[in-house]
Amino acid sequence: MHKYRTHNCNELKISDVGAEVKLSGWVHRRRDHGNLVFVDLRDHYGITQIVFTDQNPQLMDDASRLRYESVVTVIGKVVARSEETINNTLPTGHIEVLAGEFIVESAADTLPFVINTEKDAPEDSRLKHRFLDLRREKLHNNIMLRSQIISYIRQLMTARGFTEFQTPILTASSPEGARDFLVPSRLHPGKFYALPQAPQQFKQLLMVSGFDRYFQIAPCFRDEDARADRSPGEFYQLDIEMSFVTQEDIFSTIEPVMYELFTKFTDKKVSEAPFIRIPYNESMLKYGSDKPDLRNPIVIADVTEIFRDSDFTIFRENIKKGSIVRAIPAPYAAAQPRSFFDKMIEFAISEGAGGLGYIQFSETGEAKGPVAKFLSTQQLEDLKATANISNGDAVFFASDKKDKAAKLAGKVRIKLADELDLLEKDCFKFCWITDFPFYELNEETGKIDFSHNPFSMPQGGLEALENAKTTEELLELTAYQYDIVCNGIELSSGAVRNHKPEIMYKAFAIAGYSEEEVDKRFGGMIRAFKFGAPPHGGIAPGIDRIVMLLAEATNIREIIAFPLNQQAEDLLMNAPNYVEDKALKELNVMLSPSARKNAEKE
């Protein structure tokens, strides 16, 4: 007989009755019934009920003192449960093991929180004792689901002719849009490596190297603030790059991967290929967001022209100053109480708006509300037609400069869906957002900057860049850049790459980079492009966000084994921490006075 187990704790069936077995695991639950002690023994696979009887008083007494989460090995005989004690919720629920002896392999101290229920515990305590937290059923299952998803992704990609690569972790800093994690070089004083924000340049260089289809389950590092769907330190993505492809080639490759992946791990309805394509400007108009949740049936409409010559002075004057008006329908909401409309106004004010106008259309078509009296009968009819409003609906209005009005309308759309319970249930709705602006105005400097990935190919190529003379014309340029969105969550950005040095130099020059600076920062890639670079493109869906969706988790830390907390701290390993002066000296690093003072306190 094996030293620790002949079976796992999810394996024994009624056919095993009479067998002598050995099981090892954790004490999940213990129940003392006087002449009987029951112990639920748990391992990675499941739970088996162990019975200690008064036929062996010493053994039963020892079992009654077992602490939860102690590790024990039990030897005993499999017996059938009586009819009234069968537990059909457990695979082992038709049997139990009558204990003959047991060994405490490792006794547990008093637990900081309960393991055998999903009762919530303070997150800091959970993260500090993550090895305990990971024993809880939901979290344990999430980590197993993550493993299964990644394994299946590898199968899907390999079946489609992709080759898996590993790219460097120590590399140079690059402008992916977030702060780098920097690593000082001991051998090159004053110089620093950066942990990769993404394997962007390396995967493009692999295409230039003659490889055709690349993928990697890639670790990425960005010094960002935490959000519910974003870890503050590292994350993983399904990094993909392909040679000799158009944007549609990339879409048609990724869509079946997403469809097969989601249908494998959920019973919910999943969008079938081809996924809906929505240009960026259309998405901002209809949904007030570049990551729309298509489970929400509300479609926003532009009604600026209806209010341009109306008697509603506030909107009319706003329009004269260059603002717009967006209408956000609220289906079947006309009969809602006044408190509902007041709540929506308070929400808009909390989002920075001055208020939120609205109209209610009764079942008979009568228009009521603070805005209705300022519109003529014809204008009201035009409003209903433009915004697809029916009798019994209400409609809210957002008026501001284009970007602000669009964003407010988008937030109101989401709030209405929540308040009115409009989201379609049990489905995953995918879409592509395409034709992103190539440039944007930097809010801090007021200068032209890249809106997303600087390595994207501008639509129209070099000619489009050269013909755009004014700021307005530059801001109208679009890129072969796209996002894939599911249920309002951006899973990934991607792009057809700029593989021509002359276009890259011009694109960076418009954003204020000299040719020398481009060569300095991206010399390896620019040099490679001068030796024959294939047209190529790619995408990188986020593994963490995919797992979040499939696990129905609301927080990204629930699908990562050892996450950082919201302050980017690892409470289990006490990281980040201060290091000895000797190590700093070897790295030629000197702490600032304030950092030195903090270090001396530790």
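Here the Cβ of each residue, glycine as well, is placed from N, Cα and C on the backbone.
Range annotated as region 'Aspartate' by Swiss-Prot, chosen from 200-203, 336-339, 376-379: 200-203. Listed by Swiss-Prot as binding ATP are Arg222, Asp223, Glu224, Gly542, Ile543, Asp544, Arg545; the candidate from Glu272, Glu282, Glu490, Glu600 that the record includes in that site is Glu490. A straight line from the CA of His452 (L-aspartate binding site) to the CA of Asp223 (ATP binding site) spans 17 Å.
Counting only same-chain residues 6+ beyond the ends of the region 'Aspartate' (200-203), those with a CB under 8 A from a CB of the stretch are 165, 167-168, 171, 174, 176, 214, 216, 239, 241, 453, 455, 522, 524-525, 538. A separation of roughly 24 Å, to the nearest angstrom, links the Cα atoms of Arg545 (ATP binding site) and Arg497 (L-aspartate binding site). According to DSSP, Arg497 (L-aspartate binding site) is assigned to a strand segment.
In the three-state DSSP classification, Asp544 (ATP binding site) falls within a helix. Across the region 'Aspartate' (200-203), DSSP classifies residues as 4 helix, 0 strand, 0 coil. Looking only at the region 'Aspartate' (200-203), the predicted model's pLDDT averages out at 94.
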